[in-house]
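Beneath this line is the structure, given in C-alpha cells, with notes to follow.
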C-alpha cells in the first residue's frame, strides 16, 4: 500500500496533477508517518504553490532534505531569517549545507535578498564548485558584477569534476550490476543442486512442477508478499494463486530499465529516490524475482519457449532488439545509475527507497560496453562546456555593459543556438543599451515571433517601442501579453509603457504598481514607477521608488540615473552629480548618463569638468545629439560663440528638425550681431512647433533684436 501510494504521488507530480498528489500524499503520511513521506507531502504543497502549508509541516525537522524544503518554503514566504537558519551550518546542524549545489545557490539568493553581497557571491561560487552546470549561479554572479571569465569557470577544472562524477556513477552502477549477477548465479547453482537432489524419476512432470514451484507459492505469508512487492515496486494486498496454465511456462521478462522522471527545478535536487519499476497495470499474478528465474531455467531445460507477451500490457514487458543492443547515451546512463538512499528515513521509508537499488539490467550487463563510453562522456562534457563558455562570456559582457563585445561573442554561436529566444533577447538588450533602437526592435520582434508565449524580456521590448514612439505596435503588444498571462509583471509593464507614451501618467503608474504587486522583486517596475512620479512632479515618491529598486539590485543603473534626474529637477546639483557618478561606475559607456552628469557639473559652475564630460559623451556615442547641444550651451555661457556655432552647425546637419538647435543658433547670431541670420533661425525654430515655454523665449529674443544692448539690460533689470 505504501509503495503504491508513493508511486502514484510521484506519477501525479510528474503529470502536474498537484491536487490529486496532495490528497494521496496526505493519505500516505497519515497511514505511514515517516520523514520520507513528510518530504513528499511538502514537495506536493510546494508544487501547488502552497508554501505556507509546506512551512508548517516541515517546521522543526532536522534532516537535511527537510531543511532544504523548509528553506525553500521560507524563501517563498519572504522569511529570509528562518530560511538562512535552516540552510546555514551551525551547532545544531553540524553537517554541510543541504542540497549540494542547489543548497548553496538557494543560500546565495537569500543573502542577496538580504543585501549581503559578499556572502551571496561566496555561496554562488560554492554552488559552481559543486556543480559547474549550475548556470543560474553564474548568472547571479554576472548580475552582481562578480563573475569570473567563463573560460575559467567552465574550463578544465569543471571538465574534470564532471568526468569524475560521471565515472563514479558508472562504476557504482557497474558494481551493483556485477554483484547482482554474482548473487543470481549463486542462487542458480543452489537451485540446480536442489533440483538434482529432490528429483524422483518416478514423479511425473506435473507433480514435479508443483513440487518445485509450490514451495515458493503456497506457504507465502502476507509479510513475504509485502516484502516482494517492495522489491518489485508494486503492491498486492492478498496472495493470488498461480493458474495452472501459468505453471507450464515461465512469466515474461519485466521491463527493468524504467525509472521515474526527475523533478525539474530546485525541489528535485537532493530529493529522495522513489523509483517506479513496474507499471501499475501489470497483473498481480507475476511471481517474485527468485521464482521467475527458477521457472526460466526449468523451461530452458525442458526446451519450453519463453512467453513473449502477457496480457494487454505486453508492450511494457520487453525491449525491442534495437533498444536492447544500442549503447545508452550519457543522460540516460546517469538517470539509470543514480541510486539514492535516505539515512534519516524510518524503517517503512527505507524499505521502499532501498528497493530502487535492487533493480538493474543484469541480463544485459556487459562490462565491455563501458570501455567505449568514456570517450562519448568526455566528448559530451566538452561540447556542453564549450557552449556555456560562449553563453557565459556573452552574458558577462552584457551585464558589464560591454555590449559590442557581447554581440561579437554571440555571433560565434551556432545557428541553432543563436536562433533561440534567450540568445535573441540578449542580443536585443545589447542593441537597446547601445541605443540602437531600430536594430533592437528587429531582434526583439524576431524573438517574439519565434516564442510568442515567452514573456521574459518583453518589458524591455515595450521600452524599445516606447523610445521609437510606436504607439500602435506598443498597444497591440501590451494587449497580446495581457491575454497570454495577466499574472506576469512584464505584461503590466508593457501596458504601463503604452499609457505613458500617451502622456497618461496616472494610469501608467497604476499599471506599474500592479506589476509590483505580482512580483515585489521586479526591479524595473519600481524604476518605471519612479519615472512616472517624476513626470507628475511628485519627486519624493519618485525618490522612494528609485531607492526601493536599488535595495533589490544595487547595480540597476537606471535607478541611479532616475535619482540623479530627480535631484537635477530639484536643483540639488551636487546630489545629482553623485547619483550620476554611481550610475557611471556601473555603466561607464552610457553617453546619456555622461551628458546629464556634465549638465550637473555645469550648473555647479564647474564648466571645465563639464566640457570634458561632454567630450567623453560625444566620443562614447557620436549619434547622440544631446552632448553636442549641451556642449554648445556651455561654450555660450563661457562666451566662446564661434566654437559653439561650429558645434551647432554640425548638429543641425544631424538633426535638422530640432527646434531647440535653431533657437540656440539664433541666440548665437544675435550675440554676434548677425541679426538677419538670427531672425532666420528664430523663425525656423517657431515653424518646428517648439514647446510653449521655448516658443515664448524665442519670441522675446526676436523682439529684442533691434534694441541696443543697454536697453536690453535695462529691460532685463
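Cβ coordinates are placed from backbone N, Cα and C, and glycine is handled just like the others.
Just so you know, TrEMBL annotations never went through curation; they're auto-generated.
TrEMBL lists 101-134 (among others) with the feature repeat 'TPR'. The repeat 'TPR' (101-134): residue composition by secondary structure is 27 helix, 0 strand, 7 coil, according to DSSP.
The region 'Disordered' annotation in TrEMBL covers 190-212 (among others).
Under the heading compositional bias 'Basic and acidic residues', TrEMBL lists 197-210.
Residues or ranges marked as region 'Disordered' in TrEMBL: 225-248 (among others).
Under the heading compositional bias 'Polar residues', TrEMBL lists 226-240.
Taken from TrEMBL, the feature region 'Disordered' applies to 340-372 (among others).
Feature annotation from TrEMBL assigns compositional bias 'Low complexity' to 348-372.
Helix, strand and coil residue tallies for the repeat 'TPR' (489-522), in that order: 27 helix, 0 strand, 7 coil [DSSP]. Among the features that TrEMBL reports, repeat 'TPR' is placed at 489-522 (among others).
If you look up TrEMBL, you'll see 523-556 (among others) marked as repeat 'TPR'. Listed by sequence, the residues of this chain that lie at least six past the ends of the repeat 'TPR' (523-556) yet keep a Cβ under 8 A from its Cβ atoms are 113, 115, 117, 143-145, 399, 459-460, 489, 492-493, 496-497, 500, 505-506, 508-509, 512-513, 515-516, 562-563, 565-566, 569-570, 586.
Within the model, the repeat 'TPR' (557-590) carries an average pLDDT of 95. If you look up TrEMBL, you'll see 557-590 (among others) marked as repeat 'TPR'.
Helix first, then strand, then coil: DSSP counts for the repeat 'TPR' (659-692) stand at 27 helix, 0 strand, 7 coil. TrEMBL lists 659-692 (among others) with the feature repeat 'TPR'.
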Q | DSSP residue counts for the repeat 'TPR' (557-590), split into helix, strand and coil | A | 27 helix, 0 strand, 7 coil
